């Protein structure tokens, strides 16, 4: 029944009960305090009135006594200074009496009777005060007879009667206020006892309600929290009622179900992470092996590229040297072509000279022939002359012989010249062919020079390209080494992550679920081997 009432409503009702009791107690206390305060004010005012009136009465008596002494001394004819001093004291006493009586008049009055008595007292006081002032005037005027004849005692007795009557009224007021205070005190005792009894009943009821509705359910909730803190999620949480504690049980039940789902999800996630980490470790192992093979291949490639670079550089140097030799050969061939041209020109000149010599030889041959004819004619004429012409015949014979020999020599010279001309022509043709060949050689050498220059340029470009390839291979080698380092770091991270996953699995392993068969995993050997291999 009580667990269907909301705790806030119960606390509100309890608070309302305490407030009602407090209001009742406060109201009654206020009434009692107000009555006590009223009685206390009455007693205080009465005391103030009595004190002020008493002091005023005492001051008037002092003034009367002082004036009597002054009158006695004036009658004894003492120095006037002493009399004046006593009259000054009397005046001071009258001023004090006025001050005290004004305080008496300023106090409030409780009722009409008290006010009437106060008015009568004021009249008698003023009469007595006026009489005392007349005595002072009589003494100042040295009218001792009038001083002695004034009926001051009657006036004083009247004021004394009013004074005593007012004191009796003040005493009656004080006694009445005290009796009222005693009666209020008795009622207060009964009220306090009733309030304490009611408070005790309400307190015991509140304690029973708190124990039933709060303490016991909170102890049950604490037990559930302790079991959850120890990792036991298998204990069922039952919900009763519809108050805040029941809502707390429902929230705790939802929290338990949520924790069960979370722990299950974390366990599944830890297992999935471990499986993924094992696959990552195997992949890292394969990647590390391939990276090492790639690094070795890149090192071999780098060495081959270095050798190829040296070979290409050497080829480039040889090509430059061959190009230089080709340029030298081209220059030499050009010079040979120029010399061949000069030889052709010279051979042409020799051929022309040989032809001229042949013409001269023909002339000599003609002259020899004519000389022979002339020698024949001379021989004929010598024969005709007989003995006289014998010497001339001998001379003619010698001339003929010389002409024959000259003709024969001219023929031989002509044959030689013809042969020489023929050979010169053949040599000229050969020289011309040689010049053409030399020009072909010059063109070929020039082409070879150009080709060798292109080869040298291509070799330089190949050398630069190979250097760039070598740099690229070196960079690839560095990148491969960095990749290998990253593989090591990845393996280390995977191992650390697996350890964290195992730690997480160990952390959630403390939770016990219904139908629980979860076993915390251990570090996989693959990750350990991969980490050890990569670290090594």
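Residue positions begin at 1 at the first shown residue.
Quick reminder: no glycine exception, Cβ is built from N, Cα and C everywhere.
The topological domain 'Cytoplasmic' annotation in Swiss-Prot covers 1-10, 210-536 and is backed by sequence analysis. As annotated by Swiss-Prot, transmembrane segment applies to 11-31, 189-209. Annotated topological domain 'Periplasmic' per Swiss-Prot: 32-188, in sequence order, evidence recorded as sequence analysis. Annotation comment: Swiss-Prot describes 212-264 as domain 'HAMP', evidence class sequence analysis. Residues or ranges marked as domain 'Methyl-accepting transducer' by Swiss-Prot on the basis of sequence analysis: 269-498. Under the heading glutamate methyl ester (Gln), Swiss-Prot lists 293, 307. For 300, 489, 498, the entry in Swiss-Prot reads glutamate methyl ester (Glu).
Look at the domain 'HAMP' (212-264): DSSP puts its residues at 39 helix, 1 strand, 13 coil. Of all the modified residues listed (300, 489, 498), 498 sits in the most crowded Cβ setting, with the most other Cβ atoms within 10 Å.
The two recorded residues, residue 293 (glutamate methyl ester (Gln)) and residue 307 (glutamate methyl ester (Gln)), have Cα atoms 21 Å apart. Cα spacing between residue 489 (glutamate methyl ester (Glu)) and residue 498 (glutamate methyl ester (Glu)): 14 Å, rounded to the nearest whole number.
Sequence-distant contacts of the transmembrane segment (11-31) (same chain, at least 6 residues past either end, Cβ-Cβ under 8 Å): 188, 191, 195, 198-199, 202, 206, 209. When other Cβ atoms within 10 Å of the Cβ of residue 293 (glutamate methyl ester (Gln)) are tallied across all protein chains shown, the result is 11.
Geometry remark: residue 307 (glutamate methyl ester (Gln)) versus residue 300 (glutamate methyl ester (Glu)), CA distance 11 Å. Over the domain 'HAMP' (212-264), the average per-residue pLDDT in this prediction is 78. In this structure, the CA atom of residue 498 (glutamate methyl ester (Glu)) is 37 Å away from the CA atom of residue 300 (glutamate methyl ester (Glu)).
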